[in-house]
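Record features, source TrEMBL:
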BINDING   Lys24, Gly25, Gly26, Val27, Gly28, Lys29, Thr30, Thr31  ATP binding site
Amino acid sequence: MSQQLDKGAPKDRYAKVYAIASGKGGVGKTTICANLGMALSLLGRKVLLIDGDIGLKNLDVIMGLEEYSTHDIVDCASGKVKFSAAAIQDPRVSSLFVIAASQSLDKSHLTPKQMGLFCHELMKDFDYILIDAPAGIENGFACAIAPATHALIVTTPEHASLRNADRIAGLMEANGILPKNISVIINKIEAHLIADSIALDPDDMQKTLALPVTAQIPFDYDVTASNFKKRPVVLNGRSLAAKIFVNIARTIDGEKVEPIVVKKMSFIDRLLNIFSR
């Protein structure tokens, strides 16, 4: 399903390139990348999603597009194939394109310079380029942030995840991403765990972080179900998480929107939770 990109009329601005990163795995980074890309596309923006997690190849899978994937980011960035040969145009939203990660175990096949040049060539063709960075700070992370103008750091209400967020931000700033363009998404918030003091309170995390928090996203069964069905949850507008993803997309796109506050457990809720076990 690779398509020739319709460049349309000349644009007077370059794409914003977002690296979506985290210091540890399992925080929901790929899910956030997929849903933000879909939400921005539904707002009428032309969006490219790049899976930068060499060796794993998850982004096209959770979007249900793996059957269309014949080439990958290493093929594109190395010049082996043209963009049009590797880009998967989402059949549900024509303005959304995806480039899959390579399944090669040799992560040195892609360099930060290659990634930077590749994305720079496409910045006139898109409104947004979102790069799903691998967890950690090795070569894949360096490749993902090389072309980035902005960054979203995904964290969860855990001590290790919180500590890693500031570390990741420092590396991004050293790479030239302006501090004002770096923010945090706190994901997988579970009110009953916070009430039982076995997860960090997002409000306390926000005070600790030296970074602005773009959104707080609760654990949502609909997200798990959507990932299993390979269909981004934003296509289900009823879900709380879907509404938050749309809010994030509108914020990124320059709108002033009221943040959706994650409900905390009241004292009565906490008692009911204890006695229901």
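Think of each number as a place in line: the chain as shown, counted from 1.
Backbone N, Cα and C define each Cβ position, glycine as well.
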Could you say which of the binding-site residues Gly25, Gly26, Gly28 has its Cβ with the most other Cβ atoms inside 10 Å?
Gly28
Using the CB centroid of Lys24, Gly25, Gly26, Val27, Gly28, Lys29, Thr30, Thr31 as the ATP site centre, which other residues of the same chain sit with their CB within 8 A?
Ser22, Ile32, Ala135, Val154, Asn187
Counting every protein chain present, what is the number of Cβ atoms, excluding its own, within 10 Å of the Cβ of Thr30 (ATP binding site)?
24
If you count the C-beta atoms lying within 10 Å of each candidate's C-beta, which of the binding-site residues Lys24, Lys29 ends up with the smallest number?
Lys24
Residues near Thr31 (ATP binding site) by Cβ (under 8 Å) yet at least 6 apart in sequence within the same chain, in sequence order, are Ile62, Val223, Asn227, Val233
